[in-house]
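Asks: Per Swiss-Prot, the feature active site, phosphoserine intermediate maps to Ser62; the stated evidence is sequence analysis. Residues or ranges marked as Mn(2+) 2 binding site by Swiss-Prot: Asp12, Ser62, Asp438, His439. Feature annotation from Swiss-Prot assigns substrate binding site to His123, Arg153, Asp154, Arg185, Arg191, Arg257, Pro258, Asp259, Arg260, Lys330; the stated evidence is sequence analysis. What Swiss-Prot records for Asp397, His401, His456 is Mn(2+) 1 binding site.
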Amino acid sequence: MAKQPTALIILDGFANRESEHGNAVKLANKPNFDRYYSKYPTTQIEASGLDVGLPEGQMGNSEVGHMNIGAGRVVYQSLTRINKSIEDGDFFENDVLNNAINHVKKNDSVLHVFGLLSDGGVHSHYKHLFALLDLAKKQGLEKVYVHAFLDGRDVDQKSALKYIEETEAKFKELGIGQFASVSGRYYAMDRDKRWDREEKAYNAIRNFGGTTFESAKAGVEANYDKDLTDEFVEPFIVQDQNEGVNDGDAVIFYNFRPDRAGQLSEIFTDKAFEGFKVEQINDLFYATFTKYNDNVNAEIVFEKVDLTNTIGEVAQDNGLKQLRIAETEKFPHVTYFMSGGRNEEFEGERRRLIDSPKVATYDLKPEMSAYEVKDALIEELNKGDLDLILLNFANPDMVGHSGMLEPTIKAIEAVDECLGEVVDKITEMGGHAIITADHGNSDMVLTDDDQPMTTHTTNPVPVIVTKDGVTLRETGRLGDLAPTLLDLLNVDQPEDMTGESLINH
């Protein structure tokens, strides 16, 4: 007899917001979501700031969200850990950072600093760059080159000049540091093996020829003149800088989120790299703020804190069969991040990865691969052996990042169609679903004055539990979702999971 599965369905980037203006969630025609919302118990939970282990007021993101969801507790994020280490001075005593600096001193070479130059707090924070500059100054370094990746996604689309000016003021204050190259994150921080993009950023960083400007500011302004926003600024070299990354140098990459920093780091450190032809660099000391992936051969500044008893491990320990399913853009989130930074499958776990469409930007294909994800899930459900399903629909977030309202509405409408088929199938099997999100985004695609808003929001996310006869607590946080799943599965919650089920007892 087929099992009665319990599913967690994450509508990525889908949050509650009262105002309809620029709110794709409110404006979309979503009969299935609305039907479940009126029929079943609902609540809303917090998905940002202190509730997910981030600094107060900091918007949540997919990595942080899935980690909190899977862990069933508040997980203190890299950003919070690094800020704390700077505040209490441990940062300046860090062995890996000091080893990088000593390597430069020994070789009379250059320290290169890579990273996303913004205060978005999703992948990086530029104040961490300032702390690195303080450390380099304290240690007497003279040559520090900054290779800046521009954001325009987790912050305003054209905000780079503000960060560039503040960084140049820091260079001036300390008497060290200069911009060496600048690339939009579209090039330097790809995660889908689009090596043609990464190669352009790599060539600028190595100073292998290409567009040159006399200053970072001039280069950004020239890109603005071509109607390019920060994310899409074409990699360029800053004139003063004429050395690039060379033998005997050191690199510190200060992004703390792994998924968009791994590919560039592989190019510099993986001797087996085959994406395009690279010139090996001898005696390069390469350090990354966190572990990016197994192909990156680097020293780690902040080692991972191990999370035990995540939802996947508890399911395994109780002999349950689980499925993780998403398209490429969110597959690491339902696997690696939801398992607390673990790549290996648990016993009884299987995975379905559906390729994301190969388009330049997802507003060109708002449905992305939602229908294929839905079809694959129905196929898996028909096997009748699943206890637990962890599913992510990427569209509201990925299309929401375009800052375009109509495509984002279409994205949500496509997901709603898929949601209906999936939830109805689970219900028909006698199972239950929790429909929720990991953070906001599509709830505010336009600002009040109709400018594109490409960032996440700090709004609470909805929760629907498709089970009759229960009521839900009035509030909670993402870390309460795993305990709620275990509650539906009639599985005891381990002590490590300090979240609380949203179901009233």
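Glycine residues also receive a Cβ, built from the backbone N, Cα and C atoms like all the rest.
If you look at the structure here, what lies around each of the features I listed?
Replies: Under 8 Å, Cβ to Cβ, and six or more positions away along its own chain, Ser62 (active site, phosphoserine intermediate) finds Asp12, Gly13, Lys330, His333, Phe337, Asp397, Asp438, His439. DSSP assigns Ser62 (active site, phosphoserine intermediate) to a helix in the three-state reduction.
Reduced to three states, the DSSP call for Asp438 (Mn(2+) 2 binding site) is coil.
Sequence-distant contacts of Arg191 (substrate binding site), defined by Cβ-Cβ distance under 8 angstroms and a gap of at least six in the same chain, are Asp259, Arg260, Gly262, Gln263.
Asp397 (Mn(2+) 1 binding site) falls within a helix when secondary structure is assigned with DSSP.
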Asks: If I take the Cα of His456 (Mn(2+) 1 binding site) as reference, which of the binding-site residues His123, Asp154, Pro258 has the closest Cα?
Replies: Asp154
Asks: Specify the count of other C-beta atoms within 10 Å of the C-beta of His401 (Mn(2+) 1 binding site).
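Replies: Here the count is 24.
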Asks: From the Cα of His401 (Mn(2+) 1 binding site) across to the Cα of His123 (substrate binding site), what is the distance in angstrom?
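Replies: Spelling it out, the Cα of His123 (substrate binding site) and the Cα of His401 (Mn(2+) 1 binding site) are 15 Å apart.
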Asks: Measure the Cβ-based neighbour count of Pro258 (substrate binding site), defined as the other Cβ atoms within 10 Å of its Cβ.
Replies: 24
Asks: So how many other Cβ atoms are close to His123 (substrate binding site), meaning within 10 Å of its Cβ?
Replies: 26
